[in-house]
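Participant: As annotated in TrEMBL:
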type	residues	note
TRANSMEM	12-27	transmembrane segment
TRANSMEM	33-54	transmembrane segment
TRANSMEM	61-80	transmembrane segment
TRANSMEM	140-163	transmembrane segment
TRANSMEM	237-256	transmembrane segment
TRANSMEM	262-290	transmembrane segment
TRANSMEM	297-316	transmembrane segment
TRANSMEM	336-362	transmembrane segment
Amino acid sequence: MAHKVYSDNTTKFFITIIGLVVIAIVLKELSHIFIPLVIAIFLYFVFAPLNNFLSAKKFPGFLITILDLIITILILYSAGRIVVDSLLQFADGLPTYGDKLNSIVRDIARELNIRDPFFRKFDLEQTIQRLDYKSLAGGIFSSTINLAGSVLFVLFFFVFVLSGEKTIYEAIKNYYVFRKVKPQFKKIKKSLYTSHQISDRSIETELQSERLLREKQLAETFNTITDQIQRYIIAKFGLNLIAGIITAIALSIVGLDFPIVWGLFVFLFNFIPTIGSAAALVLPVLFALVQFDSTSSAFLIAIVMAVIQTLAFNLAEPMIIGRRLNLNPLLILLSVLIWGYIWGIVGMLIAVPITAIIKIILSNSKSNYLKFLSNLMSQSQSN
């Protein structure tokens, strides 16, 4: 008997692994569909408080949807303008650093004994002149079209999520509350029969009690997911914005050019846990080497960036976000890498909230195995 139980558990384990691999392959291959859908679902959670408030004020559903779309488009347009203007400012100023960059690349090539003439005789101006501008323009145009298509796809899914939210919730409730309760019927009947309390009324009372309990659990799960996503997005946005502003001010004080660009990088890159923070720190330090041609100045920039990053994302963020999500730091890193492999940059951006949702669902399961997985995902075993 023990051997059979062990065999069944092993079979379930390998079936689960195979299932997860198949799901990952499907998500990766159909990323052009799933990425806009997932982003649309996140937008739904972001707008949920506003939509609930407007619904309580008897606003028609189509007006709420139109308002959500207008706000989303305005935010995308404003963010796009800020990013493009900052990058154009950065690109316009780069040629003034050509000679310094040429010298640094050649020195590094000599120090590392790199024999490639491209690095030995590096010349930024000649490199720019050799670029295939026709292919580059075609690539930019193609990327712009793909981005515009993705945005439209997201808005398309967002409209359907908003219009079908109640239907989706009712479908999940019917499955979880009513269909899942039916297998409990025999157990309840047998229990009542054993205790000599069997009657149609007592069975119906027990079933109704089970349904109410499951309805409450489902509502709590949805509310928890909504609350966690909203808190994560608001807190992450706020921390990144504050860190970006402080970075821009600090770097302007120490004299690094393009402080607004570096502040923007800090704001954007830190939406990607761990990896984004490292990139946001390294880029201005490398630029400081080019601008000041001094390792001491670059070291000063590194210290300034490290202090800001540590205070914002190693101290403040765990206090504000980490305790709330209660996710294992190792799991966060693995989730960023896995979702990054499946969905690229978008996967890295949404890795933490997706992982938090999975943990919430597992923790509300009645399966001891799934609850064990939820505990493994947690930062502490408080529960």
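Placement of Cβ uses the backbone N, Cα and C atoms for every residue, glycine included.
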Participant: Does the transmembrane segment (237-256) reach the transmembrane segment (297-316) with at least 3 CB pairs under 8 A, where each pair is 6 or more residues apart?
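Facilitator: Yes, these stretches are in contact.
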Participant: Do the transmembrane segment (336-362) and the transmembrane segment (33-54) come together with 3 or more C-beta pairs under 8 Å, pairs six or more apart in sequence?
Facilitator: yes
Participant: Would you mind listing the long-range same-chain contacts of the transmembrane segment (33-54), meaning Cβ under 8 Å and 6+ residues beyond its ends?
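Facilitator: For the transmembrane segment (33-54), the sequence-distant neighbours (Cβ-Cβ under 8 Å, at least 6 residues beyond its ends) are 27, 63-64, 67-68, 71-72, 150, 153-158, 160-162, 165, 225-226, 229-230, 233, 343, 346, 350, 353-354.
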Participant: Which stretch, 12-27, 61-80, 262-290, 297-316, tops the Cβ pairs under 8 Å count with the transmembrane segment (140-163)?
Facilitator: 61-80
Participant: Six or more residues out from either end of the transmembrane segment (61-80), which same-chain residues have a Cβ under 8 Å from its Cβ atoms?
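Facilitator: Apart from its flanks, the transmembrane segment (61-80) reaches 43, 47, 50-51, 54-55, 151, 155, 158-159, 162-163.
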Participant: Could you pull out which residues elsewhere in the chain have a CB under 8 Å from any CB of the transmembrane segment (12-27), counting only those six or more residues past its ends?
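Facilitator: Sequence-remote neighbours of the transmembrane segment (12-27) are 34, 338, 342-343.
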